[in-house]
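Asks: Mind having a look at this structure? Questions to follow.
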Amino acid sequence: MRVTALPKGGRHVGTVSATRGVMKAVPLARVYVADLMSSVWEYLHFLSSLSHAHSTYFIFRWKFNRKDLDVDMDYSLVEGNLLINNPQATKHSGVYQCIATNAFGTILSREAKVEFAYLQNFSSKARSPVLVREGQAVVLLCGPPPHFGEIRYSWIFNGRPSIVVGDNRRFVSQRTGNLYIAKVETSDVGNYTCVVRNVMTNTTVYSSPTPVVLRRDGERMLVYPHFPAVMGEYEPKIEVQFEKMLHIAKGSSVRLECFALGNPVPSISWKRADGSPFPGKMKINHSNGVLEIPYFRPEDSGLYECVAENSKGRSIAKGRLVFQSKTLYDANMAIESDLHWECKANGKPQPVYRWLKNGQPLVSQDRIRVAGGGLTIYNMNLMDSGMYQCLAENDNGVIYASAELKVVASPPDFSKNPVKKTTLIRRGGEAIIECRPHASPRASYSWRRGNEFLKDSKRRTISEDGTLRIANVTKSDAGSYTCVAKNPFGTSSSSGTLVVKEPTKITVPPLSMDATVGESIVLPCEVSKDSTLYPVFKWFFNGKLIDFSRHDHFGMIGVSSSGDLMIRNVQLKHSGKYVCMVHTAVDSVSAAADLIVRGPPGAPVGVLVGDVTDRTAQLSWGPGPDNHSPVTLYIVQARTPFSIGWQAVKTGIGLCELSSVNLNPWVDYEFRVAAINNVGVGEPSVPSKPVRTKAAGPEVAPANVSGGGGSRGELVIVWEPVPEELQNGEKFGYVVAFRPLGTTTWKQSVLASADASRYIYKNDTFQPLTQFEVKVGVYNEIGEGPFSPVVIVYSADEEPSVAPPRVWARSLSASEIEVFWEPVHQSGSKGWITGYEWLEDGSPENDAERVRVTESSVIITGLKGSTLYLMSVRAHNSAGTGPSSTPISITTKKPPPSQPPGNIEWNLTNSKVFLNWEHVKAMDNESEVTGYKVICFFFLLSLFCCFADKHAVSNITFESCIIYCFSITFFFFFFFFFLSLSRYAHVTSFELLS
């Protein structure tokens, strides 16, 4: 071990612990402390702190360079701690070791080497420039000066005060000090300075700058030797990696470095080879080049992988972290027994081993054998007790492992491990009764049943370790058994009882069976057992215990002697082996059955489309799982941008390929396949990649060709456009052909638009309603298609030339008038008359209120009261409207009075009701009052209406009206009153009425 000198007040602590007064060496921790070369530290402490389980007296000695150290003015000894006053590098550097002794033995601490930290300056010699190409990797070497103590590396770019920050492209290794640039960019050109700081002395030194220059054509490029002179993109190469095997002590911190060069810049990731996740304590820095594991524990050991990856490839570095555990353990051994200790250490070069007892060397002699790291002591006696140490040593140092040996002599003692009080065993089984007293040396054993000592027989044996075995147990073997143990120091015994039970048997085992998806099944499990035992049923599925609280499909049913397994709504995943296991206090039995669940087949895989023509395509696919029921047929489905969902294009296919499918030309298709078995139709496959059929000439003519109408001299032709999925190719259009009926020459017009649905031919020479033969054809880039059937279409008609000869009207109310006219005779008009419309004269025609009808009259509503209107009527057809008739005038009636009667009063005398109100006087623009209406209501029910004569005075008795109203009112009143009474008195009759 190496210790660096501390500044004033610093100390290095090594510990020696005591258990029951026996000392054990605890390895000293590695510590670096600073030595400023211009001054001398005043103190250096070595503390060997002791923890005492019991008060005991210790004697401490120290060695310096393997010689006894005399405590003089330079040294002081305080409770075993060595204090060095005014330490000096030339005088006090060397190897120190503490020796502690008490009544139980002697133990040596690890050796501690004291050195003084320092850091020299870099050479002032200028560094050669590094010529690189853009995209090339480069490694800048630091080459630290001579030093001792922990140091830290960083780099400065172009003399800036800030350091080069590591990222996924740049990395500074704290192992080598070098700067690694995975891919050089133009911004990287400049001067780089390596900075080294000694953590202990806190001193910092700077190297000479290393220029990085972009190489021009023709110059010799200085490249990293593993890479070619000319760099394009290349796969990653891990340049900084950790050791292939590291032995880590418990509680230590581990720092693993990994960085790769490559173009594009590689990404770095970490993982464990066994796939287990990293615990939260592990840290990965932002560039992923460093993995830190604090507080190393056994579960952190294993194989670690660093993966560097870019678009050109990947590279992996692996290293195993091994948990370094204690190699020696304290031993309490019986007298006359044998001891073997094995001491193992790792190091380069391989270490050699030495053994010490109480600080003195051990060599092979008599009962002691020392062979490498192994120590064996045969037939131990009490004098062999003491403190033992194993030393592993090579050129790099020495490590110690310590343990205490106690040799014990005692008579047999059952106090801590008596014979089991009651042993339950099934009839026909094997009873095993152990006898394990503490005895030193080992005892000899005998057994008795009652007062009879047992001897070995065919069914009964007594082994050397005292265990009694009884095979094929019967009821007569039940009873009390006593183990007697004896050694030279005494005899002791312990007793227990053997109880024999009837064996458990599965009388109704589960049977292998088939099931269909969705069914519910029961696997039986019934046992016969001893009446005093309580069986516990457990079910296993494919080797795993079924947790019924976490599975909705599984349930266990039955009484004390049965534990049947119910599987509800069985699914394909439930296929497998089921085991019913029954446990009792004396035995365990089990029975197994296989369940096969049959379901619809799984989805076919790998649907491929090939040999695509204008109407066919060849499909192939791979079969999916048949789910225990053979596939009988396949269904091929297709989908296009024009279809509604998936459509079946072929069914009843028995093979995994289809030579052709009837398709439409120039349409994008996706295909999928579903399988069928005796259970049902399975899930469809993943759709194939879209394919487009080749183009072909159109085959579908436009539908519903017709026409007519339009302005004079026009032939209007209309049709339903051909759907896009039936156009069969690009550059789709229409050919419109027409000719006057009775002629032989077709006139054609081409419409280069797939969306066209109307064509107008204008020629003022042909007469209105001329008959034409019309057909519409199609074409695309491949060629022409068929024409539609020939239909007769009339050219545009001529507007009517005659107005209705006679028009009259009458006023119906303040808002309605009715207009009448005499129809136009068809023979007197040039155009064919299809209807009439009226309009209000005096207003713009585009704003006129017009209603088109086919009859010879119309009721016009929504008019203003007491208003004069001028009305005219004209005929119309598809070509337009004819001349208007001579306007007629009509005035709407005045509106009714707007004010209601006022001051309404009423009096009831005997059977008469007298109503009085004020007469209503109409306004000038209102019609005269001709009478009044009286309405009687009861619960919003209108019962009767009376009308007064227009000449009646306002003070009038409507005796007959009112008497009748009141008689009806009283009738309903008593009727509802009767119902209400019945509701409370006779609920049943009420319900019957209701």
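Cβ from N, Cα, C; glycine included.
Small disclaimer: the values here were computed from a predicted structure and weren't measured.
The compositional bias 'Low complexity' feature in TrEMBL is assigned to 880-893. Feature annotation from TrEMBL assigns domain 'Ig-like' to 120-213, 236-317, 343-406, 412-499, 503-590. If you look up TrEMBL, you'll see 600-696, 701-798, 803-895 marked as domain 'Fibronectin type-III'. What TrEMBL records for 686-709, 879-901 is region 'Disordered'. Residues or ranges marked as transmembrane segment by TrEMBL: 931-949, 961-985.
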Asks: Helix, strand, coil residue numbers for the domain 'Fibronectin type-III' (803-895) per DSSP?
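Replies: Counts, helix then strand then coil: 6 helix, 42 strand, 45 coil.
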Asks: Within the domain 'Fibronectin type-III' (701-798), count helix residues (DSSP H, G, I), strand residues (E, B) and coil residues, in that order.
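Replies: When I sort the residues of the domain 'Fibronectin type-III' (701-798) into the three classes, I find 3 helix, 47 strand, 48 coil.
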Asks: Hey, which bits of the same chain come close to the region 'Disordered' (686-709), Cβ under 8 Å, at least six residues off its ends?
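Replies: Residues packing against the region 'Disordered' (686-709) from afar: 603, 605, 607-609, 612-615, 617, 619, 639, 663-672, 715-722, 726-730, 732, 734, 774-789, 791, 793-797, 878-879.
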Asks: Over the span of the domain 'Fibronectin type-III' (600-696), count residues by DSSP class, listing helix, strand and coil in order.
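Replies: Per DSSP, the residues of the domain 'Fibronectin type-III' (600-696) fall into 0 helix, 42 strand, 55 coil.
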Asks: Any idea what the model's mean pLDDT is for the domain 'Fibronectin type-III' (803-895)?
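Replies: When the pLDDT values over the domain 'Fibronectin type-III' (803-895) are averaged, the result is 81.
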